[in-house]
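Enquirer: Here it is, the structure, as structure tokens.
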């Protein structure tokens, strides 16, 4: 298996790098007023893939922080995956043309699965499905609404569609540093024939050690946010742990 990828997250709100608690836009903490500088710092530290989310875009249903994303793309040379407000093929292709490596489709995976399949067929290896769940049920529209559909049922829709990975976020843990919900994430990974990325709650080296255990072998990696920003997770220690697996 390829080494586990740690994706440092840059969530964009009003052009700033922020972290939310449980997806609540009213509970946003600004961590860097210059997201491109933050991206450059992550690259310098040795991260090999960035995870970007246009939070305003997720709520608006269209890109809002495009200028900030474009500055990041101009600044770093490592791959970037981007989600938030991407609801049609034109927007997917515009971002791919601007240098985004992988596009994350979340709400669209619930609302318009045929579009997701169309995008994955047109751009194999470049479409990721983002499943954000409360108690195993998928939330949409920037987490403002929770559906009655189980995450695993949606994931199974895309097994043979050309989707390259699933990001599974446990909303109840996101931004709270309570630790990854590895049980639910591993259960999803074992139920579908797709790589799965863990997200929500990563708090310490112990979480990364858990990613390196045999039970987590189907996980492509994990997204880390607040723990990096507030210093609970030392980037170099985390990357060294992954590199030494």
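Keep in mind that glycine also has a Cβ here, set from the backbone N, Cα and C atoms.
Per Swiss-Prot, the feature active site, proton acceptor maps to 11; the stated evidence is sequence analysis. Taken from Swiss-Prot, the feature active site, proton donor applies to 132, supported by sequence analysis.
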Enquirer: Would you mind reading off the Cα separation of the residue listed as 'active site, proton acceptor' from residue 132 (active site, proton donor), to the nearest angstrom?
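Expert: Between the alpha carbons of the residue listed as 'active site, proton acceptor' and residue 132 (active site, proton donor) there are 15 Å.
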Enquirer: Including all protein chains displayed, how many Cβ atoms other than that of the residue listed as 'active site, proton donor' lie within 10 Å of its Cβ?
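Expert: 25, counting other Cβ atoms within 10 Å of the residue listed as 'active site, proton donor'.
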Enquirer: So for residue 11 (active site, proton acceptor), how many other CB atoms are inside 10 Å of its CB?
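Expert: Its Cβ shell of radius 10 Å holds 25 other Cβ atoms.
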